[in-house]
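Peer 1: When I checked TrEMBL for this same protein, it listed these features:
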DOMAIN    19-355  domain 'Glycoside hydrolase family 29 N-terminal'
DOMAIN    366-447  domain 'Alpha-L-fucosidase C-terminal'
SIGNAL    1-20  signal peptide
SITE      Cys284  site 'May be important for catalysis'
Amino acid sequence: MEVTRIQISLFLCLLSCASSLGTRYTPDWASLDSRPIPDWYDDVKFGIFVHWGVFSVPAFGSEWFWWYWKGSQSPSYVQFMIKNYPPGFSYTDFAPQFHAQFFDPEEMADIFEASGAKYVVLTNKHHEGFTNWGSPYSWNWNSVDNGPHRDLVADLGAAIRKRSLHYGLYNSLYEWFNPIYLSDKQSGFKTRDYVEKKAMPELYELVNRYKPDLIWSDGDWEAPDTYWNSTGFLAWLYNDSPVKDVVVTNDRWGKGCYCKHGGYYNCADKFTPGELPNHKWEKCQAVDKISWGYRRNMKLSELMDLPSIIKDMVYVVALGGNYLLNVGPTSDGIIAPVFEERLRGVGAWLKVNGDAIYGTKPWRVQAENATVPVWYTSKSSTVYVIITSNPMQNSFTLSAPKTSSNTVVTLLGSPEPLKWAPLKTSGLIVLLPDLPFTPADAWTLKLDKVA
Ligand SMILES: *[C@@H]1O[C@H](CO)[C@@H](O)[C@H](O)[C@H]1NC(C)=O
Ligand SMILES: *[C@@H]1O[C@H](CO)[C@@H](O)[C@H](O)[C@H]1NC(C)=O
């Protein structure tokens, strides 16, 4: 008895204490890629992505404003500037207008919490290079010396963590117009001054100061991971950083890395696999289908409506992914009410249907064209069937689940078990009640004790 207990706790420790018992990762992909992704990440399933920066001031077109204006010189951006700003106005002149004067971190965190999200990822720095904290490596191109005169990373983080949500930071490795980066680029990335003087010292400082649970790396694609020294950074992050046991990372660590190396896979933006990937992944998707940053010229028809957000999230979770839904705050620090409405709508749906999402695993069958198309998720011998369009009839046929006489079928949100009968070969027919109205247009059947 005593021996068994010791053996069991030793065994459990071997499973969970591996990193504290001295699994050291070496700075190469074979070793780093072998690190298990901390469990919290797969369990939470749903997060909020927040793109906020100087681009929120012109709030026109997209968060790539500076690039489209001065880099590719896209006509609509060039015209917008000629029409609305005096000659000689530069992008850096927007920063003092980044006031965030209505930014109440508690209010913003309340909205994120009400969405049912379990993690929030804020842009610490987008490709424009402006940091939303007082980075000592940023000269005055940061939110403490300029613009809001406030540490946005710290302030939002404190409110997020107070609500027990996980806090992640998005970090762009490159900066479009940083002269040191451009000079490295000129050398074909043979010189590494930008990495050594700016990108890496800043990233280490960010991790030590804010202890993010997640690092969402981006802006890596022009240079190889050897230029960024990504493996050196990740080995430190996983072995010795203050977040070594909890931190989760993505896969954008250098040209050719994504979908191959790092933590979970983002692959390309809005990655949409057709079948179950064999590696943990995340789909990021913005409510505004055109832009990640807030833009004043958005139109209602360009936004995802609530049912399409729910459908997208359900599809992602059924295929083993996490769903990171983006909203861009305004430069004055507000989540636009139209975004707030979407987020609260997701939360209302999750309140009833969250059992089919949080802590689930993909099932042996992920989707079926039943009476209407459905997605499956599972938790041990419970299988959830998520219906994302109203079947408009009471008899509902599913062929994948294998029932037994102990099988119980319920509709989430309604206490009464539903009548059902097995089909001859495999599957069952369920007698649905009239489905309650939901603005999300999606319902969940819970099948207990099926195989
Ligand atoms: C890469 O990062 C590691 C860990 O911080 C460091 O020890 C190493 O010197 C770096 N290598 C280069 C080439 O910068
Ligand atoms: C359901 O039907 C659609 C349309 O014919 C098809 O594209 C899809 O692959 C089918 N899904 C499954 C799981 O069979």
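Glycine is no exception: its Cβ is also placed from the backbone N, Cα and C atoms.
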Peer 1: Sequence gap of 6 or more, C-beta under 8 Å: which same-chain residues meet both conditions with respect to Cys284 (site 'May be important for catalysis')?
Peer 2: Phe49, Asn266, Asp269, Lys270, Leu324, Leu325, Asn326
Peer 1: Restricting to the domain 'Glycoside hydrolase family 29 N-terminal' (19-355), what is the model's mean pLDDT?
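Peer 2: In the predicted model, the domain 'Glycoside hydrolase family 29 N-terminal' (19-355) has a mean pLDDT of 97.
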Peer 1: Residue counts in helix (H, G, I), strand (E, B) and coil for the domain 'Alpha-L-fucosidase C-terminal' (366-447), per DSSP?
Peer 2: 0 helix, 37 strand, 45 coil
Peer 1: For Cys284 (site 'May be important for catalysis'), what is the secondary structure by DSSP, using just helix, strand and coil?
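Peer 2: Cys284 (site 'May be important for catalysis') sits in a strand per DSSP.
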